[in-house]
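If you look up TrEMBL, you'll see Thr132, Asp206, Glu231, Lys261, Asp265 marked as substrate binding site. What TrEMBL records for Gly297, Glu298, Val299, Gly300, Lys301, Gly302, Glu318, Asn421 is NAD(+) binding site. Summarising the annotation, TrEMBL assigns compositional bias 'Basic residues' to 31-40. Per TrEMBL, the feature compositional bias 'Low complexity' maps to 41-60. The domain 'S-adenosyl-L-homocysteine hydrolase NAD binding' annotation in TrEMBL covers 266-427. The region 'Disordered' annotation in TrEMBL covers 1-80.
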Amino acid sequence: MPNKKKYNVNGDSGIKSQIQFADQKQEFNKRPTKIGRRSLSRSISQSSTDSYSSAASYTDSSDDETSPRDKQQKNSKGSSDFCVKNIKQAEFGRREIEIAEQEMPALMALRKRAQGEKPLAGAKIVGCTHITAQTAVLMETLGALGAQCRWAACNIYSTLNEVAAALAESGFPVFAWKGESEDDFWWCIDRCVNVEGWQPNMILDDGGDLTHWIYKKYPNMFKKIKGIVEESVTGVHRLYQLSKAGKLCVPAMNVNDSVTKQKFDNLYCCRESILDGLKRTTDMMFGGKQVVVCGYGEVGKGCCAALKAMGSIVYVTEIDPICALQACMDGFRLVKLNEVIRQVDIVITCTGNKNVVTREHLDRMKNSCIVCNMGHSNTEIDVASLRTPELTWERVRSQVDHVIWPDGKRIVLLAEGRLLNLSCSTVPTFVLSITATTQALALIELYNAPEGRYKQDVYLLPKKMDEYVASLHLPTFDAHLTELTDEQAKYLGLNKNGPFKPNYYR
């Protein structure tokens, strides 16, 4: 395999960009593992189990009660290598995918310009992500670049059934539907991995559950797997755990901490989708409401900005003094959750941690307080503590439960503590285009890297690739970059074509 592989990716706007994979100057920067915040004590198995608690005990009355696992379905080509809610919804799902394509310019450009060279020819990618129209565009782009894909959902509520049907109809082995049980969840992952005559050689994960399942059930598969691409805080934590313990047996790309993921997906996506999720489920008015947001990372920043703009009174809880100071400078009052729990109207968790909202907090909340989570895992709110005989659960509408105390007090729990925006609403397609393009490029790099380039460790994306992904999206806004003169570039000590910031810059 040659040491250099180049792909020209030219959007319809005429912008010409060139990305050079496997060039030493653009090697992924190894992330130090000896960082305090990465020193996690939980084991990989416990971490994965924690992220998945009991599933919903309800289904919408309008839905077919028959489990997809009990149905015999085939697509128009006669294939039954999939499991979705209803294959007959494929045409509707195809229209959703076509709409998403209009807002994902970089992926479409990558598909158009690189499909001739098929940089993923021979790649067998097993994926576990949210199955939405945006993910479908990514999957079909990977297919156009030569990859074979098998896919499961990383969240029991976020799958769009019609999109899953469209993917199954077009030949993708997809195993997912909205409202899976816990057993269904792991069964779907297993059906993606455990296939006679098909051995994955790449993993695209969101949350680490797929990686955990392969380690637990099929560890020998890692002998043929070239690498893992992971995009969530939770999943990245688990990878660093494995690396620290010396158990990470393939290279892994930490997409979550790339600039294009943190500063766009985490911030802007949540800034727009938090209001959408709350409004669709509760019909509430935000003006004058008191809200506490737990965590002021990029997700928390996005949530706080949106709520403040709508006239809400926003409090923030934080453990990191730097993030805490940012919250204060942005005009939010920094508090401990115990100080405001009796008075707030909404509690939103955005930490990626465990038991941030405990049963004690839930007991002290005011009547009709809304409780929800914007983190990837369902560990932040102690929902399990609410499943006791003295409390009554009342399903009000899809993804909305009233949990009623003996004295009549009730809280409004959304999506049973799971990810609010993808469970209860949708997310902005354009922002996901940025993340999906980054994921595709990370897969291409890992798959094509010469043997020995990447060790059995966790790597970060180079700044040059972040800048490249961002540049592909600028034509949408008719934006025009200023170019450095030779004199200016020399003065700053930069290449005229970038990277413009050092890799450590955040």
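Positions of Cβ are set from backbone N, Cα and C atoms, glycine also.
TrEMBL feature annotations superimposed on the structure.
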{"residue": "Asp206", "record": "substrate binding site", "contacts (Cβ under 8 Å, 6+ apart)": "Cys128, Thr129, His130, Cys154, Glu230, Glu231, Ser232, Gly235, His376"}
{"residue": "Asp265", "record": "substrate binding site", "contacts (Cβ under 8 Å, 6+ apart)": "Val431, Leu432, Ile434, Thr435"}
{"residue": "Gly297", "record": "NAD(+) binding site", "contacts (Cβ under 8 Å, 6+ apart)": "Asn266, Cys323, Cys350, Thr351, Gly352"}
{"residue": "Val299", "record": "NAD(+) binding site", "contacts (Cβ under 8 Å, 6+ apart)": "Asn266, Leu267, Cys270, Cys350, Met374, Gly375"}
{"residue": "Gly300", "record": "NAD(+) binding site", "contacts (Cβ under 8 Å, 6+ apart)": "Val293, Cys294, Val316, Glu318, Cys323, Ala327, Cys350, Thr351, Met374"}
{"residue": "Lys301", "record": "NAD(+) binding site", "contacts (Cβ under 8 Å, 6+ apart)": "Leu267, Arg271, Gln326, Asp330"}
{"residue": "Gly302", "record": "NAD(+) binding site", "contacts (Cβ under 8 Å, 6+ apart)": "Asn266, Leu267, Tyr268, Cys269, Cys270, Arg271, Glu272, Ile274"}
{"residue": "Asn421", "record": "NAD(+) binding site", "contacts (Cβ under 8 Å, 6+ apart)": "Cys269, Cys270, Ser273, Ile274, Asp276, Gly277, Met374, Val427"}
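Here the C-alpha separation of Lys261 (substrate binding site) and Glu298 (NAD(+) binding site) works out to 10 Å. Cα spacing between Glu298 (NAD(+) binding site) and Thr132 (substrate binding site): 22 Å, rounded to the nearest whole number. Along the domain 'S-adenosyl-L-homocysteine hydrolase NAD binding' (266-427), the predicted structure has mean pLDDT 94. When the neighbouring Cβ atoms lying within 10 Å are counted for each of the binding-site residues (Glu231, Glu298, Glu318), the highest count belongs to Glu231. Residue pairs drawn from Gly297, Glu298, Val299, Gly300, Lys301, Gly302, Glu318, Asn421, the listed NAD(+) binders, are separated by up to 22 Å at the Cα level.
The substrate site in the record is lined by Thr132, Asp206, Glu231, Lys261, Asp265, and its two most distant CA atoms lie 18 Å apart.
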